[in-house]
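Contents: one structure, followed by commentary.
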Amino acid sequence: MRGALLRAATGKALRARWIHSERSSSGVANFGFREVPEDEKAGMVGAVFSSVASNYDLMNDIMSGGLHRLWKDRLVSELQPFPGMQHLDVAGGTGDIAFRVLDTIYSKEQRSPQKKEVNEKEVVDETRVYVCDINASMLDVGRQRAKTRGEPGISVCGQIRFKFVMVKAGLGELPSLVWVEGDAEALTFADDSMDGYTIAFGIRNVTHIDKALREAHRVLKRGGRFLCLELSHVETPIFKQIYDFYSFSVIPAIGQMVAKDRNSYQYLVESIRKFPKQDDFARMIINAGFSNVQYENLVQGVVAIHSGFKL
């Protein structure tokens with residue numbers, strides 16, 4: 001499923017070009033193909049995700065034919081999670097990425113040749129995976145999913161403090177898994193506090209992409225890695241025609257049949273087309289301060305994984 005194209009988005013030529021941002025001097029932002037006042041976009045996007053939250057995972061399976069699971073696996077394999085990691089997953093309300101990160105960490109701990117016996121409490125005490133989402137409905141879905149997952153049965157303990165904000169671990173969840181209602185453009189986490197940052201299918205929905213990228217850079221430790229999985233742009237002409245037909249004719253119809261919500265899925269496909277192309281987004285990541293920026297196209301660019309390091 002991996003795309004053959006893997007480009008390094010580095011060098012003076014990339015830095016020299018003007019970087020597109022959704023912020024404009026006229027104070028408008030894109031909401032799909034519409035232009036709306038930028039101070040209204042967050043509320044409009046919030047209404048979309050509140051509407052689709054209960055069917056979000058089902059619709060992802062139907063729309064992608066289950067491929068989104070492989071794409072997310074690929075993202076987490078690139079992250080290379082490790083025991084004791086401090087990780088932030090933004091726009092991750094339903095928990096798909098966070099669960100994979102924790103599964104990988106526990107799997108590594110259990111097969112570690114350095115330890116004869118796994119100290120689960122020690123791993124839980126040191127590891128923190130924060131799921132940050134601006135939408136409370138999406139977080140509720142994630143919390144409910146976490147309660148039914150077969151994670152190690154260790155009781156929830158205490159509260160976690162960071163940058164003067166108290167966050168309670170939800171009942172029925174591992175204390176290493178923390179749910180935070182927050183804005184990607186104004187994170188409440190301290191500077192240089194995270195080993196990793198992921199955002200999957202979320203960054204195209206923020207009002208100011210450049211702000212979200214700067215916040216990602218701010219909270220990462222030196223050596224920390226940024227990874228973004230996002231629906232992107234197909235350039236192969238024949239495949240693009242098929243993809244456009246599927247996007248604009250089939251996906252909204254599925255949304256109406258399954259979720260009784262055509263408009264939200266119309267916004268979905270429109271927001272993909274308004275998102276910067278792969279090279280342009282790579283330049284934005286560089287402008288935010290990241291180094292060694294690369295991207296990988298999957299399925300001919302239907303999705304792309306962008307990566308960068310804070311050095």
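Numbers run from 1 along the shown chain.
Glycine is no exception: its Cβ is also placed from the backbone N, Cα and C atoms.
Database features, via TrEMBL:
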BINDING   Thr94, Asp133, Asp183, Ala184  S-adenosyl-L-methionine binding site
Sparsest-packed of the listed binding-site residues (Asp133, Asp183) - C-beta count within 10 angstroms: Asp183
Site diameter for S-adenosyl-L-methionine, Å, by largest Cα distance between Thr94, Asp133, Asp183, Ala184: 16
